[in-house]
Amino acid sequence: MWSFNGDEVNLGLDILNKNFKDILYPFQSRQSAPPLFLLLQKAISVIAKPFISLKILNFIASCASLFLFKRLLKTFPPFLQILLLAVFCFSPFIISNSLTLKQYSLDLTLGLVTVNYFVEHRSSYKTFLFFSIFCLLSNIGLFFCAAMSIFFLLQFFHEDKKKFSWNGIKRILPVLFAPLPYLLFFIWFIQQPGAETMKNYMVGYWSGAFMPIDISIFKWWAIQAKVITIFFFSTYWMVGVPLLMLFLLGVFSLYKNRHKVFMSPLLKIIMIYIFTSLVHILLSALKMYPFSDRLFLYLAPGIYLILGYGIQESLKIFRKKKQMKMAFYSIFLLLLCTILLYFNYLPGKANDVATLLRFVNSTEHAVLLTAKARQRTSKWLEFTCYEQEDSAKLLNSGTFDLITNTSENLLIAVQSEKYGHTEKLSRPEPIIYKLLAENKIDLYHRVGGYTIYKIKE
């Protein structure tokens, strides 16, 4: 609950410190979020003062997503419904994003609302209103608008191959024009001071998340396959590869049954998720929107539905008794792996300053911080107003430099665990590289997001 990464802290401080007007302008912290999401978070922070209230919106959205996902599983056998719902409920990727103050859980939930209530015909007014709000709350709304437009277009051609009726055009128009309020805001936003700086920063920060269009595209896709197994199936290669095979079987089965797409509610929903992901990947190739971990959290329901479809198809080759036995083993194995890896993930949460404070207060050693660690911990303390532990020792500690005589002190540096790999760490800070190379420090302890070294004489 008390763990916030640097991006969350910076965005949270902007939300708390700015008024309703200024919150719509580019932030100096170079953080960004959709306009309506920022206004909602600001309103929540005014009504409920504690900073923790900024997590309420995502928490509520995440809880709602469980019921919305359950609605999509009606066509599966009961055992497969239990399996897929359990994988969704215990997914560390979904849980961790439901505890942030950014909009990624909202992306997931609004996507589920779309496929639950707007695949079949709705009134033009309701459709336009929902998707306009979706786009203002979440960047992913633009992808769903494009995907739904493509889907409706194909559906109309399938239903009436001879002519494209006015009724068909009328159904696409609300989805097609729904992003207009957001696009008008975006045109205004990019003309404001600081927008160009933010854009350049974002392009540089996400440079590795754009799909290449050269020979390295094969490596990029291999990385995405690994990301899917770790993030969405919560597994490493031993179990992840078989699950990936079942997922690919689901993709193959979808292709084989493509002629049934517009006759099956389940296949319609899966197809919309596929179109949405293709729109996202295309924008990634054009370097307009990155394709990376939390930015594609919204695809989780579609991926789990394809996995379920693959499992269902694979069981058709066995007799009913064997089906039930295999289903039981599948549920047991996947649930066990998911739950174990869920608990394995928890220590990997970055920027756990609350635990760092307890460590600092428990040690007799004097403490120094690198400049980066100083900035990160100071902002965290400012944002959270954390008072459960005495922060005086940490706040009064010095900032490390190479000239100061620092023998027998502890040095705290920023170094977080990579998601899903608690044994893999981000690169040490440059100053730590130098000290390690000169054999001036030894590893002493690790706390979520921080590495602590003992300085030698």
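Cβ atoms are placed via backbone N, Cα and C, with glycine included.
Worth saying up front: this structure is predicted, and the values here are computed from it rather than measured.
Among the features that TrEMBL reports, transmembrane segment is placed at 47-69 (among others).
For 76-95 (among others), the entry in TrEMBL reads transmembrane segment.
What TrEMBL records for 128-152 (among others) is transmembrane segment.
Annotated transmembrane segment per TrEMBL: 172-190 (among others), in sequence order.
Tertiary proximity for the transmembrane segment (202-222) is limited to same-chain residues at least six positions away from its ends with a CB under 8 Å from its CB atoms, namely 30, 32, 281, 284-285, 287, 290-292, 295. Positions annotated as transmembrane segment by TrEMBL: 202-222 (among others).
The transmembrane segment annotation in TrEMBL covers 228-254 (among others).
According to TrEMBL, the transmembrane segment annotation covers 266-289 (among others).
Listed as Cβ neighbours of the transmembrane segment (295-315) (distance under 8 Å, sequence separation of 6 or more from its ends, same chain) are residues 69, 72-73, 76-77, 80, 83-84, 87-88, 91, 93-94, 97, 104-105, 107-108, 110-112, 115, 140, 209, 228, 232-233, 243, 246-251, 253-254, 266, 269-270, 272-274, 276-277, 280, 289, 323, 326-327, 330. Per TrEMBL, transmembrane segment is recorded for 295-315 (among others).
What TrEMBL lists as transmembrane segment is 327-345 (among others).
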Sort out the residues at least 6 away from either end of the transmembrane segment (266-289), same chain, that have Cβ-Cβ distances under 8 Å to it, and list them. 72, 75, 111, 114-115, 119, 139-140, 143-144, 146-148, 150-151, 203, 209-213, 254, 257, 260, 295-296, 298-299, 301-303, 305-306, 309
